Ligand SMILES: Cc1ncc(COP(=O)(O)OP(=O)(O)O)c(N)n1
Ligand SMILES: Cc1ncsc1CCOP(=O)(O)O
Ligand SMILES: [Mg+2]
């Protein structure tokens, strides 16, 4: 892992509701209802198959002045100047962090435990994701869910130095308890994509998890 000499660019400390979706159509629908932070997470396709969706999503994100993170496909995100990239711990082994940093992209990093948190901090990313908090059907997870106590413990450890995002099994009714742990943002997949009324769910989630336009995370 090649660690840049300076931190990755800042993002707002409270990124607000952060939907994670697997298609350009979802990106477009969520931007249209006012989502300001989101991620395009397409898994395991060749670069040439995902490139058109990534290019179009980045343009939409710019048009709506939103923060669109690209999951995994860091080379395409750099090539097309995305707002940011999200990487997991395994992705950190292979991604060129210097190239991402030099291109000025924001970086979010996943963490599951104390060791992964320490590794993420060593990279000085733009935000740190913590999870999975609750059991999830969306992604096969090798470890047990962290739960709210562990989430609160990790947030205390970070001591306000990084924007934080909680992810994993977070349903609408669980958001208040997650926010009460002091997290800046809540990332959701199924709470939106499997909701009976996704627009109503998104609006309620945005209200519970407000975005605040500042960059006051102090490292
Ligand atoms: C906001 C956010 N947090 C965590 C993840 C998970 O990333 P990763 O561990 O790399 O797993 P995949 O999403 O790539 O399957 C995420 N995507 N977003
Ligand atoms: C991508 C990812 N990373 C950790 S949990 C997860 C899936 C979250 O999906 P859901 O909000 O449906 O539990
Ligand atoms: Mg990944």
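Cβ coordinates come from backbone N, Cα and C, glycine included.
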Residue in 2, 71 which TrEMBL records at the 4-amino-2-methyl-5-(diphosphooxymethyl)pyrimidine site where 39, 40, 41, 42, 43, 110, 139 also bind:
71
Annotated binding-site residues 39, 40, 42, 71, 91, 139, filtered by Cβ under 6 Å to ligand 2:
139
Round to the nearest Å and give the CA-to-CA distance linking residue 91 (Mg(2+) binding site) with residue 71 (4-amino-2-methyl-5-(diphosphooxymethyl)pyrimidine binding site).
10
Which binding-site residues from the set 40, 42, 91 have a C-beta atom lying less than 6 Å away from ligand 1?
91
Say we define neighbours as other CB atoms within 10 Å of the CB. Which of the binding-site residues 40, 42 has the fewest?
42
